[in-house]
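Note sheet for the following structure.
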Amino acid sequence: MQTKILEIDPLNFQLEKIKEAAEYIKAGKLVVFPTETVYGLGANALDETAVKNIFIAKGRPSDNPLIAHFSDIKDILDFVEIDKNLFEKIKILTPGPITFVLKKKKNIPDIVTAGRNTVAVRIPAHPIARALIKESNTPIAAPSANLSGKPSPTDPQHVIEDLNGRVDIIINGGKVDFGLESTVIDLTEKIPTLLRPGPITPEKLREIFGKIEIPEFIYGKAKVDVARAPGMKYRHYAPDKKTILIEYSENRIEKIHQLAKNYKNPLIIAFKEDEKYFSEIDTLISGSIENYFEIATNLFAFLREADKTNNDVIIIEGVEDKGLGISIMNRLRKAATEIWR
Ligand code: AMP
Ligand code: MG
């Protein structure tokens with residue numbers, strides 16, 4: 001398949017180009033587009049064959065449901081059952097980097113939801129994503145635009161590495177803002193349950209919903225509840241190389257030195273502040289220990305970069321499980337082949 005690359009400036013775009021991409025969606029084709037979280041691999045959510053092709057292009061297991069993306073919150077009302085009170089609450093958080101699991105109506109095809117009676121919906125804030133969905137005049141089903149198992153793409157170059165020749169169009173809209181997939185919250189039971197931590201933190205969720213449940217599997221401390229969080233059982237975000245995560249602690253520097261001795265040519269992904277302790281070892285900087293936003297934004301890019309070097313192991317410094325750190329650690333624990341606590 002020949003993949004067309006469409007350059008579109010998110011801050012100053014010609015609607016003509018968006019319309020061109022929307023024609024592909026309407027024709028049942030695959031379109032990669034930027035969102036504020038990561039790049040998405042989209043198709044018309046109401047076209048079963050088109051959605052099936054998403055799974056094929058990514059090599060994604062068919063029991064891992066997709067998120068349906070809408071340009072306006074009001075548009076979800078045709079596809080989900082939701083009471084007025086809850087609708088008002090989710091309105092506060094949209095558009096934005098958060099996905100709501102809700103009871104679905106019949107018009108959402110089973111292939112999107114892996115046969116469940118719930119559907120995950122999101123209203124992205126990214127101007128290209130919103131315009132594309134609007135011009136396509138249909139919800140767009142989209143997982144992240146990477147090969148299944150690989151780190152999510154935060155830069156158009158990552159998409160090209162993984163999907164060139166496997167999709168019809170890649171919209172190049174530059175680097176994304178957050179670099180972490182959306183927060184996923186299940187709103188089908190009395191107490192909202194966090195299924196995937198993301199840019200919208202538990203603190204923020206409590207402001208809107210009051211009490212929320214955070215299952216142990218979010219912290220890697222229990223097996224994933226597959227009935228509720230079907231996609232989370234899979235290994236994700238993973239470099240091909242052996243990847244060791246060092247959980248945050250005061251004596252992390254000593255631990256890393258001890259560990260690094262076991263390898264010929266280790267690569268440490270370190271905080272800016274810690275780099276000086278590893279002057280004799282190869283390092284990549286994850287960001288500042290004072291700025292989790294910076295680390296989150298860079299996360300998937302440095303995992304991909306680390307995988308391309310000739311080092312024999314990746315050793316990565318973890319952050320604290322607080323605020324955005326919960327999301328960062330959730331991804332790192334999934335990416336790691338080994339965890340040192
Ligand atoms: P991705 O498309 O890779 O960002 O992943 C979307 C994730 O959202 C899936 O892996 C699921 O864990 C979750 N998800 C999607 N639809 C549902 C649903 N109906 N119920 C529960 N979780 C869902
Ligand atoms: Mg993904």
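Every residue gets a Cβ built from N, Cα and C, even glycine.
Quick look at what TrEMBL annotates:
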type	residues	note
BINDING	THR37, HIS69, ARG122, ALA142, SER182	L-threonine binding site
BINDING	ARG60, ASN64, THR118, SER144, SER152, ARG196, TYR237	ATP binding site
DOMAIN	15-200	domain 'YrdC-like'
- Mind computing the max CA-CA distance among THR37, HIS69, ARG122, ALA142, SER182, which the record assigns to L-threonine binding, rounded to whole Å? 13
- Among ARG60, ASN64, THR118, ALA142, SER144, TYR237, the binding-site residues whose C-beta sits under 6 Å from ligand 1: ASN64, THR118, SER144
- Item | L-threonine site, defined by THR37, HIS69, ARG122, ALA142, SER182: further same-chain residues with Cβ within 8 Å of the Cβ centre | THR35, GLY40, ILE67, PRO97, THR99, PRO124, ALA129, GLU181
- Note on the structure: Cβ neighbour count (10 Å, all chains) around HIS69 (L-threonine binding site) is 26
- Query: So which binding-site residues out of HIS69, ALA142, SER182 end up within 10 angstroms of ARG196 (ATP binding site), measuring C-alpha to C-alpha?
  - Reply: SER182
- Subset of binding-site residues (ARG60, ASN64, THR118, SER144) lying within 10 A of THR37 (L-threonine binding site), CA to CA, in sequence order: SER144
- Message: What does the structure give for the C-alpha distance between SER182 (L-threonine binding site) and SER144 (ATP binding site)? Integer Å is fine.
- Response: 10
- Query: Reported as an integer number of Å, what is the Cα distance between SER152 (ATP binding site) and ALA142 (L-threonine binding site)?
  - Reply: 13
- Task: May I ask which residues of the same chain, at least 6 positions away in sequence, place their Cβ under 8 angstroms from the Cβ of ARG60 (ATP binding site)?
- Result: ILE54, PRO143, SER148
- Over all shown protein chains, what is the count of other CB atoms within 10 A of the CB belonging to SER144 (ATP binding site)? 29
- Find, for the listed binding-site residues ASN64, THR118, SER152, the residue with the lowest Cβ contact count at a 10 Å cut-off, counting only other Cβ atoms. ASN64
- If you skip the near sequence neighbours and keep only those at least six away, which residues in the chain come within under 8 angstroms of ARG122 (L-threonine binding site), Cβ to Cβ? ILE67, ALA68, HIS69, PHE70, ILE98, THR99, PHE100, SER182
- Task: Filter the binding-site residues ARG60, HIS69, THR118, ALA142, SER144, SER152 down to those with CB closer than 6 A to an atom of ligand 2; keep them in sequence order.
- Result: SER144, SER152
- THR118 (ATP binding site) to ALA142 (L-threonine binding site): how many Å between their Cα atoms? 16
